[in-house]
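Encoded as structure tokens, the structure appears first; notes follow it.
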Amino acid sequence: MYGKYTKELGAYAKEEAKRAKKKSVQEVDETLGKPRGRLYNSKIAKVIGWAWRNTFARLGEDWVFLALLGLIMAFLSFIMDHGISMCNKGRIWLYRDLATHPVVQYLAWVSLPFCLILFSAGFVHIVAPQSIGSGIPEMKTILRGVSLKEYLTFRTLVAKVIGLTATLGSGLPLGKEGPFVHIASIAATLLSKLVTSFQSIYENESRNTEMLAAACAAGVASCFGAPIGGVLFSIEVTTVYFAIRNYWRGFFTAVCGATVFRLLAVWFQKEDTVKAYFQTNFTMEFPFDPQELVVFSLMGVVCGIGGAAYVWSHRQYVLFMRKNKKMNAFLQKNRFLYPGIVVLVASSVSFPLGLGRFMAGDLNTHDQVSGLFSNFTWTKDELTVEESEVLRHWTTKSTDHFICLTGFIFYTFIFSIIASTIPVPSGSFIPVFKIGAALGRIAGELMHVIFPQGIHHSEFTTPIIPGGYAAVGAAAFSGAVTHTISVSVIVFEMTGQITHIIPIMIAVLIANAIASLLQPSLYDSIILIKKLPYLPDLLPSSSGIYNVYVEDFMIRDVKYIWNNMSYHELKAVLKENRRLRSFPLVEKPENMILLGSIQRLELIKIIEKHIGRERRLQVVARWQKEAQERAKEEYERKRRESERQRRPSRFEVTPAPDILRMKQQSSGTLDSDHGYRFHPVFGTQPKKSILKKTNSFNLRNYSPLTTPSVTPYTTVTGAESRIRMAFEAIFHKSTTLQDVEPNEDEGSPEPRGLSPPPPYQPVSLPASPGVNKKVQLPRERVIDMSPEDQKEWEEEELRAGVSFADCQIDPSPFQLVGRTSLLKAHSIFSLVGINHAYVTNIGKLVGVVALKELRKAIEDSNAGIPPGSHLQQVQPQAGDGTSVTAPLVNNNPPEIKVNSV
């Protein structure tokens, strides 16, 4: 207390405990004279244990887990980019080098994308249909607390990686950022399951959510080599409320993934050094003039309107395809027809000898973006050889670059929307990024035409940099479509410089504000189309959210369970509400005091434990034992009565019981009073004889339990008979009860229940098997009840009361009071990540609110409709389980499963 403070008390206590334990072990070894070899073995075991704890066991720690996740994503990204590049090079080789005639060139240009898209569509449909689409809307839903069936499995990972590689290799205007977020999430889930085998901490649901949040950042970072923008983008897109404790996790795994991704390019692609994905060389001295900020602001307005138009067009096209039921049914029957038509039309339009020469159709995505970000003016007279090579793809003999840029914008705008509806893995970030870059390039070239010498400001003249306008347009348009600000940071990292940080931020903020007022983000629009259980945002102008309470839209017809309810009632509740995943537990129906909630699986386990097979077999065994005891008592009673009736003489000679029984069997008569009795377990067996066991006799029609290899004329001794009977009893069971798994070849035996055995009927023994006949050992038989007895027993057991003490009960399920406002309910559901909450009034259960009811109330409140008005018509059906288990599912309800609180 008053001495010098040197170390923590807990650490000092641990050291003292280790020292005392080591001393006690040494004293015991010295006392027992333990050999030195054992001491060496213990030291080796300690070394091995230390090595395990500091190597493989550390896989469960966060930093090792996140580093492995970043490495995995970097390798996947590099391999996929290499495969996409090979497909693009193969297409150009077929078009330029292999073919010479225009018709043959057209077939070569169209054939490879056609095959790749059909392969991708067929592969993902067979392996994992969950891999279709972007992945970010579904990840938002998963991080929201909803479990999508088979969405994070290994099959989905394989289908996503291979399908996305084939899709992007076809040259369609599609992206890869959304699918990479999905791929990273699957990798994190599979790695968590691997680590869970020896680190159970990753079984925690919140822990998995933290890893998924970090995985989303790693997916974006490994896609573009942008760690900072990847973390910020994952925060904006995938989460509503972000936990600060996940911040360092996202940065660490994103840095690992982005670093290894760029290092792999240096090692295997002979890059000069680690550089940006789209390297630019904008001037650092005078990147822009302050007067140009007005133009950048106008670009933000144009990009905001254009982004909203893109989202609206995408939603209208998808809804149009869904409303045409006849066409939809026809395309579903012919699954490869729609992808084939789309890829044929898109490839035909982009054919370099046709319309493709007006939209740089012979360039891949990377070369298109690099050309749009080029650091020279396309309208100047004198061009270098490198500049002429870049401009050659954006001009023709009859048109200039403005026509080509406009054609490029229209082609990417239209066909990115159409191609996104193909059932293949695809994203939409890269297409909108290219559209914005083309818009910015047009604006920059127009500014250079208007101000060919640059903008004069006081004594300085600032030249126009069209590549900077392209970067501003790309960030603004993609930010308007995705409703994110972090796109600006991604552009900084992709281009490798932040000279245009101010104009990019201004344009992104203006575009984001305008697009938010006009349309939801592209990912929220997809959520609305698919009707995924995700809460929409509250409109800031909606003042009714403060005057709407939970009691206005909650479900009042709650399906609940109570203490001491019968098993029959519990079984009826489970049968009537098959879609419910959890049930509230109340004290009794009269007071409705909420005690907790129980999962459906736990309730099923209770019923199975009470009337399941194991319990039934235990009851049968007890009944059989009681029947044996009663038979024994009856036999003893009859024996005592027979002894009292006639006192035996001292000189009476009684034959041995074995011989007596054999004689009785040979004569076909058997009386239980003369010493023969039926044992319910060992069958018919003779009693032991007290005479000498060397008397021989012939077996004729002795017992059905005798082995078939013994002929009726075999002569054995009494000792051999008893030994044979012992072995027969091992391989045979009683036939007084029904066999659980009867032999199909022999036919199902007639159920006999627990009735007394029929009188013994001697049967003739079969002939000895031949030499070539197979000998099969007797199958073990399990005794069970007959169907009638089982039904009667179950009905009797179901009348008993249920005790919930042995099952897992959530003692504190999430609760809301009836006067909780809609704004608070939305904030709580989004912050905590729950999917349903019970509404209580002074501890009494009065209703339940799930994502479906809350979302409907928010939509009605934003539309000006009084929430809860729709419940007047559907209130009787609301308690069927739709309020808890499947809120707002799409056309495939089994695909979505909501986890309980």
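Cβ atoms here come from the backbone N, Cα and C positions, even for glycine.
Sequence annotations record features per position, and here TrEMBL assigns compositional bias 'Basic and acidic residues' to 630-650.
Marked as compositional bias 'Polar residues' by TrEMBL: 870-893.
As annotated by TrEMBL, region 'Disordered' applies to 630-654 (among others).
Marked as region 'Disordered' by TrEMBL: 734-771 (among others).
Positions annotated as region 'Disordered' by TrEMBL: 863-893 (among others).
Sequence-distant contacts of the transmembrane segment (63-86) (same chain, at least 6 residues past either end, Cβ-Cβ under 8 Å): 161, 164-165, 168-169, 176, 180, 183-184, 187-188, 191-192, 195, 211, 214-215, 218-219, 221-223, 249, 252-261, 264-265, 268, 364. For 63-86 (among others), the entry in TrEMBL reads transmembrane segment.
Counting same-chain residues at least six beyond the ends of the transmembrane segment (106-132), those with a Cβ under 8 angstroms from any Cβ of the stretch are 87, 90-91, 94-95, 98-99, 148-151, 153, 155-156, 158-160, 162-164, 166-167, 169-172, 182, 335-336, 339-340, 342-344, 346-348, 351-354, 422-425, 895. Among the features that TrEMBL reports, transmembrane segment is placed at 106-132 (among others).
Residues or ranges marked as transmembrane segment in TrEMBL: 152-174 (among others).
Outside the transmembrane segment (180-199), and at least 6 residues removed from its termini, the chain residues within Cβ reach (under 8 Å) are 57, 59-60, 65, 68-69, 72-73, 76-77, 131, 134-136, 138-139, 142, 152-154, 156-157, 160-161, 164, 207-208, 211-212, 214-216, 218-220, 222-223, 234, 238, 425, 427. Marked as transmembrane segment by TrEMBL: 180-199 (among others).
The transmembrane segment annotation in TrEMBL covers 211-235 (among others).
Summarising the annotation, TrEMBL assigns transmembrane segment to 247-268 (among others).
Taken from TrEMBL, the feature transmembrane segment applies to 293-312 (among others). With a threshold of 8 Å between CB atoms, the same-chain residues lying at least 6 positions outside the transmembrane segment (293-312) that come near it are 413, 417, 432, 435-436, 439-440, 443, 447, 469, 472-473, 476-481, 502-503, 506-515, 518-522, 525.
Listed as Cβ neighbours of the transmembrane segment (336-355) (distance under 8 Å, sequence separation of 6 or more from its ends, same chain) are residues 95, 102, 105-106, 109-110, 113-114, 117-118, 121-122, 170-173, 330, 361-362, 407, 411, 415, 418-419, 422-424. Annotation comment: TrEMBL describes 336-355 (among others) as transmembrane segment.
Per TrEMBL, transmembrane segment is recorded for 402-422 (among others).
Per TrEMBL, the feature transmembrane segment maps to 469-492 (among others).
Beyond the ends of the transmembrane segment (504-523), by six or more residues, the same chain brings 134, 136-137, 140, 237, 293, 296-297, 299-301, 303-305, 307-308, 310-312, 314, 428, 432, 471-473, 475-477, 479-485, 487-488, 491-492, 536 to within a C-beta distance below 8 angstroms of the stretch. The transmembrane segment annotation in TrEMBL covers 504-523 (among others).
Sequence-distant contacts of the transmembrane segment (402-422) (same chain, at least 6 residues past either end, Cβ-Cβ under 8 Å): 117, 121, 167, 172-174, 310, 313-314, 317-318, 321, 338-339, 342-343, 345-346, 349-350, 355, 358-361, 368, 394-396, 428, 431-432, 434-435, 438-439, 441-442, 445. Within the chain carrying the transmembrane segment (469-492), a Cβ under 8 angstroms from the stretch's Cβ atoms is held by residues 220, 224, 226, 228-230, 232-233, 235-237, 280, 295-296, 299-300, 303-304, 306-308, 310-311, 369, 372-373, 428-429, 432-441, 443-444, 447, 498, 500-501, 503-505, 507-512, 514-516, 520-524, all 6 or more beyond its ends.
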